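Working notes, beginning with the structure itself.
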There are 2 protein chains.
Amino acid sequence: MSKKRPLILITNDDGIQAKGIRSLIEAVEPFGDIVIVAPDKPQSGMGHAITVNDVLRLDPSPLYEQYDAYTCTGTPVDCVKLAIAEVIKGKPDLLVSGINHGENSASNVLYSGTMSAAVEGAMEDIPSIGFSLLDFDADADFSASQWAVKEVVKRALNGDFPKSICLNVNIPQLKTEEIKGIRVCRQAKAYWKDSFDKRYDQFGKPYFWLKGEFNRDDWREDTDIWALDNGYVSVVPTQFDMTAYHTISEIAEWEF
Amino acid sequence: MSKKRPLILITNDDGIQAKGIRSLIEAVEPFGDIVIVAPDKPQSGMGHAITVNDVLRLDPSPLYEQYDAYTCTGTPVDCVKLAIAEVIKGKPDLLVSGINHGENSASNVLYSGTMSAAVEGAMEDIPSIGFSLLDFDADADFSASQWAVKEVVKRALNGDFPKSICLNVNIPQLKTEEIKGIRVCRQAKAYWKDSFDKRYDQFGKPYFWLKGEFNRDDWREDTDIWALDNGYVSVVPTQFDMTAYHTISEIAEWEF
């Protein structure tokens, strides 16, 4: 009983040179054949951005010569679109994105290029998973993340991945043996409290740099934030119908 | 009985010089005091992107000297964050975004800078509305859109705007008198079928430009696409909890 190895598309938002994508490649390599299309530079915070007013370049990557690996000049979502239309010329069996250097729990899913790549995969009905480690360090320890990647990918490839969704997997900043388990959660209702670092350049002109604090204010046990704070890997099944169904009848009463 | 005029924040994704934002300003001006923070250049397709690895500039706009108007070097979501933190230093009573030159129905809501600005407003619990006209022309006729803006804004300011949502309003390419009405809808399950225009530069190197066809394949009467195809303005209440609640129990059975 021989079975074709699954084709796995790998991308990220920190760029192809990041340690996170290298760790992801190592972790999923045993599960299938690999195609890599990743940004040629950091694309953090790009959300679901696509390049519509400019051209894109796609170049073979010297970093991963043993694989079918390319860098793309665009966003993570551009990478997914180019991989499907021009590299694979079809759909992979699995799309994995990450491992992101930094948390993508709660409302971060909207800003995250890592997760937007996975959401784009879900829109194409490809089983898709975004992985993020709660550590922004460029040299972060991804060993617990690699354990989580293997646990989740193993099950994602068993053939009953739900249609038109992706998974948002976040890994706490712990050693593998300290992780309590993997919990399926909902996206916490927790947001950034924004502020800007305002400084003046050498010409006396102001410039602004986004900073802000993450308000972890939805602590219930069914949330990703609770899971992460309590030593679990969080898995949030994620969809892309943004309709606020619960308010349709209320707005319909506005009597346009 | 005197009442304070509401403070209305205006942004868009086509840039401050677009006809769409000029049409929006004209339409909402009777309803309140206006603050404008808009991108200094086109930012179409930027989705929920934010600028995290670079500085932002905020400059008074000579285009709209009669208002508190600024251009921002960042994305539409950056504009909203800067407007709240640095211009208004608080929250407006209403946020309006657009009028976009081009459709933002169905899954376009994810790619749209216009709608992401409105979603950012919703995350800040500001009544927020994105407006889009089904016409990409830089000199499109926005008169029916202006009618729709007034109809929707009038009701949005009546004080019972639901919490933590925004409205995605699309206007068909029709004359005002041809519009059949305004329908509250859900986001259609309709997606882009992507392809790329592949050409070669003067050095023989390939480049790619995203094109694609919009698959309007969810035609049911409760969708925004049906409304637009049948001469109605579509209004989709839009939220930002992307949890796929219907699959949580299924994924939980994977027995991690």
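Just so you know, glycine gets a Cβ as well, placed from its N, Cα and C.
According to TrEMBL, the divalent metal cation binding site annotation covers B:Asp13, B:Asp14, B:Ser44, B:Asn100. The Cβ of B:Asp13 (divalent metal cation binding site) has B:Pro39, B:Pro42, B:Gln43, B:Ser44, B:Met46, B:Thr75, B:Pro76, B:Ser97, B:Asn100, B:Ser112, B:Gly113, B:Thr114, B:Ser116, B:Ala117 as same-chain neighbours under 8 Å, each 6 or more residues away in sequence.
Per TrEMBL, the feature domain 'Survival protein SurE-like phosphatase/nucleotidase' maps to B:8-193.
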Cβ neighbour count within 10 Å of B:Asp14 (divalent metal cation binding site): 25
Non-site residues, in chain order, whose CB comes within 8 A of the mean position of the CB atoms of B:Asp13, B:Asp14, B:Ser44, B:Asn100 at divalent metal cation: B:Asn12, B:Gly15, B:Ala18, B:Gly20, B:Pro42, B:Gln43, B:Pro76, B:Gly98, B:His101, B:Gly102, B:Ser112, B:Gly113, B:Thr114
Binding-site residues compared (B:Ser44, B:Asn100) - the one with the fewest other Cβ atoms within 10 Å: B:Ser44
Against chain A, in sequence order - binding-site residues B:Asp14, B:Ser44, B:Asn100 with Cβ under 8 Å: B:Ser44
Secondary-structure category, per DSSP, in which B:Asn100 (divalent metal cation binding site) falls: strand
